[in-house]
Amino acid sequence: MAIHPVEFRYGTPEMRVIWEAENKLQKMLDVEAALAQAEGELGIIPAEAASEIVRKASTEFVTLERVNEIERDTKHDIASLVKALAEQCEGDAGEYVHFGATSNDIVDTSNSLLLRDSISVLRDKLTRVLEVLLALADENRDRVCIGRTHGQHALPTTYGMKFAIWADEIHRQLERLDACSERLCVGMMTGAVGTTAALGEEGLEVHERVSEILGLRPVLISNQVVQRDNHAEFIMVLANIATTLDKIALEIRNLQRTEIMEVGEKFDPEKQVGSSTMPHKMNPITAERICGIARVIRSYVVAALENNPLWHERDLTNSSSERIILPEACILTDYILKLTLDVLCNLVFYPENIKRNLEFTGGLIMAERLMAELTRRGMGRQTAYAAVRQCAIEASRTGRSLRDVVLERSEIMDYLTVEDLEEIMNPETYIGSARRMVERVLEESQKWL
């Protein structure tokens, strides 16, 4: 019976299958097979035994049920796997299973295989999010909207700017994921304290050959574990990615507020229900889910950092933690990437509300432009600031437009014509270098994809 939400509610099939118990078992068997192959090639174990171990290192022969049955007695998962594999091997080949290895050689190296596959899935979705954001930036480079600081109307900006800023950040997250992957996905076959003592003089050759067979980079040095700064970095990168998605979703949620309603999630009025009691509700539930799950992913960072300081050459305190945080962090990050794609690919714009919000303050958002233009025409900057500020305060107090108040101020109108003022008060023409900035991101993105 499914209990955890990642089993039935949060997750994608392509990521769940990586972390399913049978696939994890197969990856551990793959490591045992690579060990036997390397030892057979180097003459450490008989070539016939190595071939038999490689042939039987499959869940076709070593079943999850049998491993679990043995573990009920041994209370040790890898010892149970070794016994289950050995009993499937013909002749005396089973006697050579796991020779020279320690349990964590199998665990850490198989985890690297799982994480490599997970990163591939994550990278594909991150790249797709980047592509969608770049397309939105291109399509909306001229869609002027109000920019907000401190929750208040500030200056005009464009939706193209919003999307381009997010695209640039997603690109940095891709770079971080690639960089940490190089350090994280390593092979290890170095024995109980990292010295390869049980393998004799060929120890380092076995270590390197196992990694080569599995397509991994051999770890340079280790004790009984690959050092957990790599795993902590990976979880922090996932938390960072989740936080970027959180930021995007949070902005969309805020822009979907009733009093703003500039953009919003797609809502199916024929089928979708917003509230069990309020028939009118159309809630941003997907964006809210992204934000909620991002909080969970960030919480894994503490556990990942706590897993780095272990006793001496190794203790087991990291193991139980990583059985939870590694699959869950991968599954949940992948899931909210999928949700982000759903939101962005179906984003609805409300142009009339965007225009309404640009005009909401009665021109107060153009105060900076007015001040700057007065300064360019000869009024001192401080004097211009004070004069425009007085007009803005008067407009706010009386509910009149800034334009109407300014028209009555001769000390300002001495520098302007009415036509000048009309142009100054047009928010559509006060977006600075926004268009060029978006174009720069679009041009630079040709190197990213």
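The backbone N, Cα and C atoms fix where each Cβ goes, and this holds for glycine too.
As recorded in Swiss-Prot:
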- 9-10, 75-77, 102-103, GLN224, SER276, 281-283, 320-324: N(6)-(1,2-dicarboxyethyl)-AMP binding site (BINDING)
- HIS150: active site, proton donor/acceptor (ACT_SITE)
- SER275: active site, proton donor/acceptor (ACT_SITE)
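Here the features listed in Swiss-Prot are placed on the structure.
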| residue | record | contacts (Cβ under 8 Å, 6+ apart) |
| --- | --- | --- |
| ARG9 | N(6)-(1,2-dicarboxyethyl)-AMP binding site | none |
| HIS76 | N(6)-(1,2-dicarboxyethyl)-AMP binding site | SER103 |
| HIS150 | active site, proton donor/acceptor | none |
| SER320 | N(6)-(1,2-dicarboxyethyl)-AMP binding site | none |
| ARG323 | N(6)-(1,2-dicarboxyethyl)-AMP binding site | none |
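Counted within 10 Å of its Cβ, the other Cβ atoms near SER103 (N(6)-(1,2-dicarboxyethyl)-AMP binding site) come to 19, all protein chains included.
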